[in-house]
Amino acid sequence: MGFLSLVGNSFGCSASGERLVSAARDGDLQEARALLEYNPRLARYSTFGGRNSPLHYAAAQGHHEIVSLLLESGVEINLRNYRGQTALMQACQYGHWEVVQTLMLFNANVHRTDYLNGGSALHFAALHGHARCLRLVLADYVPSMPNFWNSMKDSLSEEGPSADLDEDGLFKMVNQKADGGLTPLHMAALNGHVECVQLLLDLGASVIEATIEDGTTIDLIGAGSTPLHYAACGGNAVCCQLLIARGASLSAQNASGWTPLMVARSWHRNSLEEILSKEPESRIRTVPSPYLCLPLMSIMSIAREFGWRYLNQSPVCIDPCAVCLEGSCSVAAEGCKHEFCTRCALYLCSTSYTSVSPAGAIPCPLCRHPIIAFTALPGTSPIRELPRNSLSLSFCTTCPAVNSDSTPSIASHLYRTEFQCARMPPMGSSSFRSLSCQRLPAMKLNPSFCMGAMDTNPCLIRCSRFGPSFRRSASQGESSRRAWPLTFDPIAATGS
C-alpha cells in the first residue's frame, strides 16, 4: 500500500512537473513561480526518457528570468541532460548570452563536457559563432588589467606575464580539446566565424594544435590538421589571414600529407590560392577583438559578492543610476569615477562592441573615458551566503502550499536590499541562429527538435557523399561517439 501511495504521489508530481516544463519552455514566469512556491522540489523534475530538466528547457529557449528563478529555488546548476549537456552548453549553443551571464554569476562549471563529443560550453559557443557567449564563459580567466592584450600578443616579452594573469589557466581553458583533439579554434575556423577566431586568438588560442586519430572519428580533413587546415576547408579568407598573422604555418602537413593549400584545393576554395600559396611579405597588422572587454571579471566578482538585482522598491531613489534611473548606484568605473548600478554595469560589459585604448577597455556611456575595471562603492553590503535547498527527488511527492508566514526563501538573499523606483525591464534574448555552414555547400544539417527548440547534434559534414575515398575508423562501428564537426547523428525528438 505504501508503494502505491508513493507511485500515486509520483504521478501527481509528474503532472505538476510537466506544467513547470511547459512554463520554462514557453517563458511563463508567473506560472513557473507559482508552481515552485507550491512545490520547490519540482525544480529537479526531468521529462521521462529524455531526462531534460526545466533548467535545460529555459536555457535553450533563452528565458533568463526563469533560469534565475530555478537556480534560486536550489536546482543543481550543472545538471546534465541525456546527452551530458548542461544548461550552460545549451545557452552557448543557441547564443543566449543573458542566460550564459546568469549561469556564470551562479558559478556554473565551465569545464564540464558532454557525453557524445567531449565538447565543453566553449566548443558549443565557438561552433555556432557566439562570440559574446564565448567571452562570458571565460569571464573568470581574463583579468581587468590595462596591458592584457599586449601581454598575450607578445608572450616572449622580457617583462613576463603579470602577477594578476593566470596565463597557464587561460591557455588550458582556451585550448581544451573535444574528441579527436578539436579545439574551439578549429570549430570557429571551419565555420568562418571571424569574431570568434579573433577573440580566441586574443585570449591565447594555439594555432599549432592538431587533431588526432582517436579511433572514434571520421575526419574528412585528416588527423593532424591545424586550425589553418580547417579554415582552408571552410573557405573564409579572413579567418585564414588571422591565423597566418598569429604564426600559423602554411607548410604544416596533416597525417595525409596535406598542407592547408591542398585542403583548400580539394574543397574547391579557389579564392584562397593566393593567401595560402606563399608567406606574406610583411607582417600582417592585427587589431584587438571588440569582444575582449577587460572590465568583465571585476564586475562579475562584484555582482557575485554584493548581488545584482533588487527586491525592495521605493517611491524616491536616492542617488539613482544615470543609465537606467531605477537602481541605486553600487559600483564606480575606475578612472572617470562615474557610478552605475551593478545590473547596468553588467549589461554594459556584456553588450559593448566598441573598444577604446587601451585594448579591451570599454567607453564610459557618460564621458567616453576608457573603463578597465569597476570597484564597489564604500558601504555596499555583501549578500549573505546561505546553504542551497536540497532538492533530492528519489520520489518527488507533492507538498502543501508554502505558508506565507514561513521564513524567507534563499531567493530573497540573492538580491541587494537597496531601494528602486521601478522594476528593471527584462532584457531581450538573442534569437536562434542557423546551424548550417553557409560556406560548405556539401555540408548539411538535419535539425531535430528537443526541449521545444532546435537541439541538433552539432555536426557539419554528411559522410555518405564521399564514398570510400575517405578512410573510416575501424572502431567506428563499435563506438557510438563521433566527432561532432564531421559527422551527423540525428536524434529523435522527445516528448514535452
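Quick reminder: no glycine exception, Cβ is built from N, Cα and C everywhere.
Quick look at what Swiss-Prot annotates:
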REPEAT    50-79  repeat 'ANK 1'
REPEAT    83-112  repeat 'ANK 2'
REPEAT    117-147  repeat 'ANK 3'
REPEAT    180-209  repeat 'ANK 4'
REPEAT    223-252  repeat 'ANK 5'
ZN_FING   321-368  zinc finger
For the repeat 'ANK 5' (223-252), residues assigned helix / strand / coil by DSSP: 17 helix, 0 strand, 13 coil
Intrachain residues whose Cβ lies under 8 Å of the repeat 'ANK 4' (180-209), provided they are six or more past its termini: 119, 122-123, 125-131, 134-135, 138, 141-142, 149, 152-153, 155, 167, 170-171, 174, 216-217, 219, 223, 225-228, 230-231, 233-236, 238-239, 242-243, 246-249, 252, 286, 288-292, 437-439, 460, 483-486
Within the predicted model, mean pLDDT of the repeat 'ANK 1' (50-79): 91
Secondary structure tally of the repeat 'ANK 1' (50-79) (DSSP, helix then strand then coil): 17 helix, 0 strand, 13 coil
